[in-house]
Amino acid sequence: MWITQEITPYLRKEYTIEAKLLDVRSEHNILEIFKSKDFGEIAMLNRQLLFKNFLHIESELLAHMGGCTKKELKEVLIVDGFDLELAHQLFKYDTHIDFVQADEKILDSFISFFPHFHEVKNNKNFTHAKQLLDLDIKKYDLIFCLQEPDIHRIDGLKRMLKEDGVFISVAKHPLLEHVSMQNALKNMGGVFSVAMPFVAPLRILSNKGYIYASFKTHPLKDLMTPKIEALTSVRYYNEDIHRAAFALPKNLQEVFKDNIKS
């Protein structure tokens, strides 16, 4: 048996699996979890794959990309995703997290897949809301959008940022789908003073890219090394990974030169 990951519309990967462990379907999402000899458990969420053995890569990168460039991290918002491991990493900063996800059926089905599921859900500083309107009106130090946002989503979320707040969003991989990344940078750059693409260095099982955006905060100039050195129980993230995440090959520097704002 095998499952197929669509990297781009023209590129696919196949993974051998041993068994299907779970199949859950809701109105808007489909979650399947498989057992794999080489990769442990693999979750397929709407055709996108998550590897249980490597969940820490994305969660550490995103959490500390934001956390180590901000002096204070009191309020964090996570929207359009299910990644509770991201919240687990963010709790290293003693912050409050608002997590917006309407699909409780799918979220609760990750109970055995996310290693820190119960720890996060039971944390007194974690608030799960079905929609943004259910939350108290406030400004955030850090906002994560775990699906690529359109211009209207960007406009709505940027109004919820503090003046020096950071907005981190998922995008297409700049090497695999540079036109899509270019368009995403245009959307972000039309709103923010800083808009820079990055990827997870040495992560070979992903087709994701990301964008770091802010009105005032810069992901490299404002990086605080003492905060990185103070982190405990991290397996992937360090200062070298942080800086390397923003490195681009020369051809992509040319492609994005009019879209990157730094």
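Cβ coordinates come from backbone N, Cα and C, glycine included.
Copied over from Swiss-Prot:
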DOMAIN    1-249  domain 'PABS'
BINDING   ASN29  S-methyl-5'-thioadenosine binding site
BINDING   ASP83  spermidine binding site
ACT_SITE  ASP155  active site, proton acceptor
List every residue in the same chain as the residue listed as 'spermidine binding site', at least 6 positions away in sequence, whose Cβ is under 8 Å from its Cβ.
LEU55, GLU58, SER59, PHE114, LEU146
Identify which of the recorded positions ASN29, ASP155 has its Cβ surrounded by the largest number of other Cβ atoms within 10 Å, counting every protein chain shown.
ASN29
Which of the three DSSP-derived classes (helix, strand, coil) applies to ASN29 (S-methyl-5'-thioadenosine binding site)?
coil
Tell me, roughly as an integer, the mean pLDDT over the domain 'PABS' (1-249).
96
Given the residue listed as 'active site, proton acceptor' and ASN29 (S-methyl-5'-thioadenosine binding site), what distance in Å do their CA atoms have, once rounded to a whole number?
25
